[in-house]
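Here Swiss-Prot flags 9-116 as DNA-binding region. If you look up Swiss-Prot, you'll see 120-151, 163-202 marked as region 'Disordered'. Among the features that Swiss-Prot reports, phosphoserine is placed at Ser139, with the record citing similarity to another entry.
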Amino acid sequence: MASGRARCTRKLRNWVVEQVESGQFPGVCWDDTAKTMFRIPWKHAGKQDFREDQDAAFFKAWAIFKGKYKEGDTGGPAVWKTRLRCALNKSSEFKEVPERGRMDVAEPYKVYQLLPPGIVSGQPGTQKVPSKRQHSSVSSERKEEEDAMQNCTLSPSVLQDSLNNEEEGASGGAVHSDIGSSSSSSSPEPQEVTDTTEAPFQGDQRSLEFLLPPEPDYSLLLTFIYNGRVVGEAQVQSLDCRLVAEPSGSESSMEQVLFPKPGPLEPTQRLLSQLERGILVASNPRGLFVQRLCPIPISWNAPQAPPGPGPHLLPSNECVELFRTAYFCRDLVRYFQGLGPPPKFQVTLNFWEESHGSSHTPQNLITVKMEQAFARYLLEQTPEQQAAILSLV
């Protein structure tokens with residue numbers, strides 16, 4: 001856990017100032033006349049016009065200065081950038097100034113501020129999240145949505161908070177065995193939920209930051225399946241969204257994702273008509289969280305599922321953690337080291353049709369699979385890239 005004591009990074013501060021003053025790195029320059037803020041070129045290494053000798057020179061110089069790279073070593077621009085990014089973010093003497101940076105131009109750059117001695121920028125390794133826009137008057141439906149998501153949209157402090165709070169248990173304390181009025185005697189019965197706490201990561205918790213790409217993609221990938229057949233896919237860039245059958249006329253700023261429309265006479269359409277307020281989903285650096293607002297019984301399977309064959313049913317109006325980034329990264333290290341299987345990263349939600357009489361067997365008519373884009377990206381790394389990542393951990 002990061003302590004409140006300021007982290008001594010005088011070498012980093014002196015080195016940065018010297019490099020900015022030297023003018024030897026294209027694009028690395030002061031951003032104000034008082035020389036309290038500086039720019040760093042931040043072009044993605046995957047861009048076609050990426051020039052390693054120019055766009056990555058500053059990051060490479062830091063790796064060489066720290067003795068983390070010499071000619072012939074594995075690794076590359078993405079690894080070098082990650083090292084410097086983490087060093088700046090952990091330091092109490094630097095603070096990123098996002099409003100002065102430009103990431104949407106041909107030559108993107110970030111701006112960092114040099115803080116005076118004794119000024120602490122905040123908890124090392126954390127990022128501030130813009131608060132939701134406040135309005136003087138909002139509809140009751142919108143307020144309900146935002147209140148419901150408050151517990152799901154957890155503070156995305158990269159990995160530190162997740163790792164520091166592993167003792168809370170993988171289930172997040174949100175899964176219960178009662179699904180309220182939506183359950184019936186013939187519907188899938190929930191199992192008793194037990195504590196699924198796992199052993200904490202043995203080693204440097206901060207080192208897990210190096211597993212993530214310099215600009216990790218926490219977008220949500222959705223696959224819609226009706227009666228065993230894939231009928232649609234979607235990618236959601238926002239941190240939270242709501243899965244619904246029909247667009248809502250409310251003033252809510254939360255993104256709405258519509259289920260694909262089936263034929264009017266299909267059983268799936270009958271089930272979708274009961275979706276009502278739908279499902280809330282939060283996808284952020286902490287992981288994946290869902291909240292069931294509809295009356296339809298929904299079972300789930302995910303990396304954070306409690307022990308037992310299931311089915312595990314989502315409680316009504318409660319936030320449930322289904323995927324935790326910190327656990328995934330821990331298991332990914334073991335997989336790269338040949339000490340375990342590939343970590344699971346996909347979440348499955350099964351929507352059940354209510355039973356109508358003792359002879360009616362509940363049907364799983366709708367399935368939604370979801371995952372975070374960065375997880376698949378990491379699992380698809382080449383052996384050389386895996387070795388480079390392990391060298392940082």
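Backbone N, Cα and C atoms are what each Cβ position is placed from, and that goes for glycine too.
Helix, strand and coil counts from DSSP across the DNA-binding region (9-116) read 43 helix, 17 strand, 48 coil. Over the DNA-binding region (9-116) the predicted model carries a mean pLDDT of 86.
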